[in-house]
Amino acid sequence: MQHCTDPYSSALCRRRCFLCFLCVWVPIGGGGWSPMPTEKEPWLQLDLRDRMEVTAVATQGRYDSSDWVSSYMLLYSDTGRAWKQYRQEDGVGRLPGNMNSEAVVQNKLSHSIRTRFLRLLPLDWNPSGWLGLRVEVYGCAYKSYVADFDGRSSLLYRFNQKSMSTVKDVVSLRFKSRQAEGVLLHGEGQRGDYITLELHRGRLALYLNLDERDDTRLRSSGGRSVAVSLGSLLDDQHWHSVLIERFNKQVNLTVDSHTQHFRTKGEGDSLEVDYELSFGGIPLPGKPGTFIRKNFHGCIENLYYNGINIIDLAKRRKPQIYSGNVTFSCSEPQQAAATFLSSSASFLSLPATVAAAAAAVAGGTGGAFSLRFQFRTWNADGLLLSVRLAPEPQRVELQISGSRLRLTLHTSAQQKSQVSTGEGLNDGLWHSVTLDTQNHQISLSLDNEPASTVELGERLDAVDHVYLGGCPSSTSTSYCENPTTAFQGCMRLIVINGRPTSLHDVQHGLLGNYNGLSFDMCAIHDRCLPNLCEHGGQCSQSWSSFHCDCSGTGYSGATCHNSLYESSCEAYKLTGSSSGYYSIDPDGSGPLGPARVYCNMTEDKVWTVLDHSSSAPVRVQGSSPQKPYIMRFNYSASPEQLRAIVTGSEQCQQEVVYRCKKSRLFNAWDGTPMSWWLDQAGERRTYWGGFLPGVQQCSCGLQENCQDMNYFCNCDADVNKWSNDTGVLSYKEHLPVSQIVIGDTNRTGSEAVYQVGALRCYGDKSTWNAASFYQESSYLHFPTLQAELGSDISFYFKTSAPSGVFLENLGLKDFIRVELSSPSAVAFSFDVGNGPVVLTVKSHVPLNDRQWHYVRAERGVQEASLQVDQLPLRFLEAPADAHVRLQLNSQLFVGGTASRQRGFLGCIRTLAINGVHFNLEERARMTPGVSSGCPGYCSGSSSLCHNRGRCIEKSSGYVCDCSQSAYGGPSCREEVSVSFDSESSVTYTFQEPFSVMQNRSSQASSVSRESSRARENVAFSFLTSQRPAMLLSVSTFSQQYIAVILATNGSLQVWYRLHADRGPDVFCASRQNLADGYLHRVRIHREGRDVYVHVSPSCIRLQITDAAVRQAGLKGFIGCLSSVQFNHIAPLKAALLNRGSSLVSVRGQLVESNCGVLADSKVSETVDRGKEPLRNASQSNSAVIGGEFSDRRVVKALNCQNQSPVK
């Protein structure tokens, strides 16, 4: 290793750089660095002699050899003792190296690092050779002004005047902290302004208020809400940068590379601080060394307040700075940590007897055993300690169990004593543990809280070794076994019997033994920063992965990306739904969220109806143009949702009823509007009917039937009797009406009555937006796909070609592509920097059959999936700690590729990416080889086939394939209904292994592992007067089941048993009596732990929780069931049409009925109800309809009135 005396003296240094300050190279004939083959976990460490700002690292293999490093980890440190891993922007810590010995590979760091020491830890190398490195580091000199705060010190910056008032502030600093708590900055004023920046639980909290007058003072240490909290694990004793930028009320807070924007509290725009700003603590008035909050313990460098270098002023002892006990060099604590990397194989073995003997020599208690250490982790379970005690076979285990600390004393094979303490210990913070066996008891203390104890009958002595973090796999230590998993996390400050443990000696083989440890660093990484859970999903994590809780968001999937709702009322109708209130998500996986609407499906057109806050008629008097009457309308959707719904609809309208008496709409002399309304953008509009914008007329003016033909509105005649200017606004770009203003009702006898109706829209413009591709070299191009962290792509296609690319977007190395790879296969491929990934769905029938087929491809940071029609979903889990950002730079090509090869021939429609619908028709009109629309009977906007029916093209027409619909008839609109008595039921046996109810294991991490998602879609209608009653049940081989019943009070219950070792979870979907002889429609959708139930006309969201075991029994069903659908299976229709099928088992007599049509008919007969166990529940995967099911332990139905409400 040597410094570059000449920046151009090596092949590496001849590369262009603004400063090459260190090279590791050997002149020709030497070679480079290569460790001995016997070295365990070799690494190369570089000392830059001073702190430098490093911007890039370049490597070569060893000269003229087969030795090179193909990937490595980069660590950095100020002291050479405590190290931190460099990670790229997407969290990847593996840097690519060389593929041969001579080529230079330079890694430009996405963010520069300021350090003195660098360590390169090889991860992969030439399998046919050995490790070899030549390395060069690029960067520049780094100058800093440093202040050290010892936990009792502070810096006070005193103003030249009594107070400082600013409308713009910029504060920047870098810090490294030894503690998770501590104030970095504070200032306050007498009028109520304050600013505080402090560490709290390892995160940075900024409190900021401008002129909010209240009696709550910061010294009360409570009552203040945090304006913003950012960062994580900031007590890692490494440098972190902070930037606060404020202009008036707008504030940006940046911690390292993460920025959050917010608007501050308070009435004013300026921050008024009295007397001084304090750094490092909040001193009491007149007592600069006394603090009311925990003060900062660590180092701060380059502290600037509005351009003023605070530390430089303190070093030069300027009078405006008070620097109590502050030193100007950063003291470095010698607290080396070790990381336990594996949840199954990591352990640290230390001799207990040597420590005990040393303690005895030093005057200790001899046989007593004590242990102290600190740990931090994200895992809720893991073994911390196992030690054998004498007399044998006694041993002590200390473990994290369910996020609590549990101590277990095993006195024999069958007897043990336990004590637990703490909670939430998997929070990533450092926790201190003290274990002591003195005075005939074992005491356990956590974080300096009062100790918990286990009484001993005799004195216990430690025997041979202490195992920390896990147990070795060798049989010689059979007494030490991992109870669940080994510890995965960090440990430091290990003290056995009062003697500190040198991890340096352990690392170099001088003390104890270990496996799966990394020394001199705590490699904990916050996978929830930034939060990759979308739509408000809550992020939780373990050491190696993160999980998104999507409860209550309306979204599902690994990162809460997929909307649980349809995008329009039109889409609900296509699934077989009837009129009612629904949640629609107009932008799908986009940011808008679901909106509550009423879907009117009684007409040929499907109307989407959005109500507002003032739908009743309103009488107005006493208003004038100077003091007009104003009413603002609040709709059941946000302005952004309204805009998306209106834009996506074919047509919208809104009726405005306006009746007047001596109240004009326009001034007769100059046409000045006396009343008007505001559109969705807040613009004034003065037309009162279906007129185009800008025409100051009413409906009667258009129809030329106004009462007085001298005017264009009836009200403008200004007569002393009631007139009517009701009209329908239909220029959808202006809808809905957001506000109405009435200004001519202040004269004697003058008044007006208005009523603004609901916004009504019909049609879905995206459903049949299609393009036809006639030439293989043709394509449509759109702007680059914005999908760094995730994307979902959905569309329909039909073709007769054997293959072709549907869409493609390229980057320098990354790409994403969806294609028809063969006549019966669709492939979804992409590369985000980890190598190409291909997902393929193969169909048992050709897909180039000139019929419409549905494709949905999704890629996220945790998994990728591909769905084609109703074929089983295919997905792959993403590799851990790999690249996740998709870097694209070309245009998005639809129907072809940039190379004009392998283009698609056929039709594509309804293309949507991340909730954005693409206007294919508009782009096709200006593109050669492509035409808008798609020929054929099944390509129009009219719904020829309903209720999931599939339109099949024929040479001279079309037919509807209703095989996957619960309905029948030529257009799949006829309900299939069956009447049941107490002895009848239908059982449907699934052909393939029924895995849709299976929940994926949270422990799965295999990249290639595939399975079905945990989800179901159930829909049916029923009519009965019986209660209790069993409506439908589904069971699996593993004794899981779903059951839908009516309880004894007639309420609808949904039963889920997803785990064979637990009882069922029971949920009340409707508390009203549904056994009323009327037809009720039920839709149930489950995604993971969320259940959504729609019982016409209301909708309820339920969440599966780990409730206590509820045992119940169900009785048979008497009544009528109609249009039963379970996922893509219609079992009731299969029973009627395929009575000889081996999949369908019918018990009793089935009578085809028309109850789905005669919805108002009553069921008056009452028949005795029997019960019979579902005998095949544990032998097959089946669905039972209208039959009898019982849990053999208890035969009774739960009453919803006795259950707690669903939250």
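Every residue, even glycine, has its Cβ placed from backbone N, Cα and C.
Here Cys934 is paired by TrEMBL through a disulfide bond, and of Cys907, Cys960, Cys962 its partner is Cys907. Proximity of distant same-chain residues to the domain 'EGF-like' (935-973), defined by a Cβ-Cβ separation under 8 Å and at least 6 residues beyond the stretch ends, is recorded for 573-576, 650, 763, 767-768, 770, 772, 798, 850-852, 870, 907, 909, 1019-1020, 1123-1125, 1128-1130, 1132-1133. Residues 87, 91, 231-233, 236, 258, 339, 343, 376-380, 426, 428, 488-490, 583, 585, 589, 591, 593-594, 789-790, 792, 858, 860-863, 880-881, 1002, 1005, 1015, 1087-1090, 1101, 1103 of the same chain, all 6+ positions outside the domain 'EGF-like' (524-561), place their C-beta atoms under 8 angstroms from a C-beta of that stretch. With helix defined as DSSP H, G or I and strand as E or B, the domain 'Fibrinogen C-terminal' (560-612) counts 6 helix, 18 strand, 29 coil. Within the domain 'EGF-like' (935-973), the DSSP-based counts of helix, strand and coil residues read 3 helix, 12 strand, 24 coil. There are 24 other Cβ atoms within 10 Å of the Cβ belonging to Cys934 (disulfide bond).
Over all protein chains present, the Cβ of Cys907 (disulfide bond) has 23 other Cβ atoms lying within 10 Å. Note on the domain 'F5/8 type C' (33-140): its mean pLDDT in the predicted model is 91.
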